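S.K.: Quick paste from TrEMBL:
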- T69, V70, G71, G72, S73, G74, K75, T76: ATP binding site (BINDING)
Amino acid sequence: MFPFHHLHPPAFWYNSPSLKPSPPKAFTPGWPKILAPFTLITRILSAHRLKGRNKSPFPIPVLCCGNLTVGGSGKTPVTIALVQELQKAGKNVHILCRGYGGKLKAATRVDLASHGADLVGDEALLLAQYAPCWMGANRLETAWLAQKAGADCLVMDDGFQNTTLTPTMGLLIINSQRGFGNGYLLPAGPLREPVSAGMARAAGVIFIGPPHQELLRHLPPSLEYWQAKRKADPALAKLYNRTVVAFSGIGEPEQFFAMIRTAKPAKVITQSFPDHFPFPEKTIRQLYKLAEKNNAILVTTEKDCMKIPPSFRKNLFILSLSLEWENPEAPTLIIKKFLNSYLP
């Protein structure tokens with residue numbers, strides 16, 4: 001709808017985080033006020049698109065892990081966790097993703113041996129390490145291909161606003177620290193659609209980080225929710241008292257940098273890039289030079305590593321971002337609810 005991929009989110013989107021499901025009555029001064037008239041376009045287009053969405057159920061169950069805001073919220077770690085839970089349940093689960101940042105647009109099964117992030121995007125490459133993954137703009141088309149290839153259930157990474165494939169169950173992933181930003185729709189704020197409209201379609205919410213009480217109070221009473229937090233990679237211990245150059249081009253790099261600081265390195269130099277940043281060779285060489293200049297370890301995320309050519313990964317310290325659930329049984333309960341909600 002708006003081309004905010006590959007861009008840093010404007011600071012005013014999160015200057016005054018709103019935990020309410022609708023914007024305050026009075027606009028705050030500055031850019032939100034200037035851009036306010038354009039939010040009406042987002043509201044109208046969102047309502048129009050959703051009104052025309054395909055409501056036909058798919059022949060196999062489809063679980064959607066999505067959000068209401070632009071940028072990272074923790075969807076990918078949640079997708080991986082629930083895919084692994086379905087695999088434990090004996091399901092032949094396939095993953096559907098959009099393939100942001102990749103050149104390929106047609107429905108394609110991700111091939112780790114021949115595809116790079118330039119073709120299918122970083123998320124698709126990362127997800128394909130856990131289960132068969134299909135990328136493409138048309139989610140319904142990728143779903144049919146996955147079913148034909150033997151999938152008996154599907155997990156859709158992002159796609160909550162998708163109109164071609166209606167999920168059996170939709171989950172909203174919310175970063176508790178950011179909430180809904182300033183509470184405004186694009187482009188005045190980070191919201192893709194009104195919160196009330198999104199909540200009405202959701203079967204549950206997963207909070208990444210402890211949610212504020214005000215945020216909880218504004219959830220519909222009947223909407224079930226779970227809580228998880230980012231789990232520190234055990235390899236972090238190796239960074240203790242070392243100088244670190246950390247770089248990332250994920251949705252919320254500051255949370256990654258904060259995780260590194262918990263290891264108590266001697267010094268941390270951070271370099272943040274826009275979400276899905278492609279990391280050209282020139283940039284990678286500059287990062288290595290910065291690390292060499294400071295006698296530092298060059299550190300990045302597993303997801304960012306997907307965009308780094310193998311020849312540049314040899315001296316790269318890679319950290320994985322996983323989840324720790326407040327209730328260890330949460331993934332099992334979510335999958336049980338998902339499978340029970342499917343009525344063939």
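A Cβ is built for glycine as well, from the same backbone N, Cα and C atoms used for every other residue.
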S.K.: Would you count the other C-beta atoms found within 10 angstroms of the C-beta of T69 (ATP binding site) for me?
M.R.: 26
S.K.: Would you mind listing, in sequence order, the residues at least six apart from G72 (ATP binding site) in the same chain with a Cβ closer than 8 Å to its Cβ?
M.R.: N175, I250, G251, E252, D275
S.K.: With every protein chain in view, what's the tally of Cβ atoms within 10 Å of the Cβ of S73 (ATP binding site), excluding that atom itself?
M.R.: 25
S.K.: Would you list the other residues of this chain near ATP - those whose C-beta lies within 8 angstroms of the C-beta centroid of T69, V70, G71, G72, S73, G74, K75, T76 - in sequence order?
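M.R.: Sorted by sequence, the hits are N67, I173, N175, G251, E252.
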S.K.: Within 10 angstroms of the C-beta of V70 (ATP binding site), what count of other C-beta atoms is obtained when all protein chains are considered?
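M.R.: So the number of other Cβ atoms within 10 Å of V70 (ATP binding site) is 22.
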S.K.: Out of G71, G74, give me whichever of these binding-site residues has the highest number of other Cβ atoms within 10 Å.
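M.R.: Of G71, G74, the one with the most crowded Cβ is G74.
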